[in-house]
Amino acid sequence: MSVVILGTGSCLPEKIVTNKDLEKIVETNDEWIRTRTGICERRIAGPGEQAYILASRAAKNALDAAGLVAEDLDMIVVGTISAHMVMPSCACMIQQEIGAKKAFAFDVNAACSGFLYAMEVGSKYVATNPAMKVLCIGTETLSARTNQQDRNTSIIFADGAGAAVIGYEEGDRGILASKLFSDGSFGDILFLSGSESTNTDLRLGEYEGSHIHMEGREVFKHAVRAMEGAVNTIMEEVGVSPHEIKLLIPHQANIRIIKNLGERLGLSSEQVFVNIANYGNTSAASVPIALDEAVRGGKIESGDLVLLCSFGGGFTWGASLIRW
């Protein structure tokens, strides 16, 4: 018996923002964005599309795929850094929205690695209690936390949600190995500050917004190296080689990062899933959205070896190897 993914789902906002649209807002152009990021367009949340709403829709799709209903869930764990409220948690709001009355729910903060962290936490619960059904989600509305005048971030970050339901099953398929890592010494390279609560000049009730800060070149260097190390560690532990991998689904951070990672791992372009052109970088939602798209697009079949990997602020990173 092993922990398996029973169903996946995703949800994207309706509004599409193209590179041409961004040319009207910030000093940039379509060619510059495409060549440096691989992004052509992205989805931006509008009214009524908060992180928990997008997540709830993704959750319902995942439950449908798993043949389950919300009342079957025992636990909800959500990776997010852009919930529109600090309290209650995004997970609790999702629990109420979908009607998962018996599930306990909480958030994890691991930035772009949030979904992998959520999956690891959820899988440990399932491993110790095989009857459990756990909903793991990555959801973000980072457009609201991005300085639209900063072309280093405004062209990259976008909104969306992805989900997976996990449980226990007999057989050989399932999560074969997972590894998570963190290094807080790089916290000043990629961060999203809070409400500036340390500013004593603010009077009660006042709020200063915060935006994502990213040193792109440093992030690139560390991201490729970290994800490569995590993936190699898992492949060595399980005893598989690159040619046995059907599909690598990496965090959709930047096309250069994705291509560089694939090359360093010795994978062909056909083995690396890419959808950043359509959705941009959706942080914690990136991997589950890509996973759901790959599943529904028929790119993954029963018995295939699938690798998930991600890297985010903290730094946080990790990888997971799954036999589908």
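Note that Cβ sites are derived from N, Cα and C of the backbone, with glycine treated the same way.
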| request: Would you please say which range out of 217-221, 252-256, 282-286 has the annotation region 'ACP-binding' in Swiss-Prot? | output: 252-256
| Sequence-remote partners of the region 'ACP-binding' (252-256) [C-beta within less than 8 Å, at least six residues beyond its ends] | 36-39, 112, 156, 219-220, 223, 274-277, 279-282, 286-287, 289-290, 311
| field | Cβ-Cβ neighbours of C112 (active site) (radius 10 Å) | value | 32
| query | For C112 (active site) and H251 (active site), what Cα-Cα distance in Å is obtained after rounding to a whole number? | reply | 7
| query | Where H251 (active site) and N281 (active site) are concerned, what is their Cα separation in Å, rounded? | reply | 8
| request: Determine, from DSSP, whether N281 (active site) sits in helix, strand or coil. | output: strand
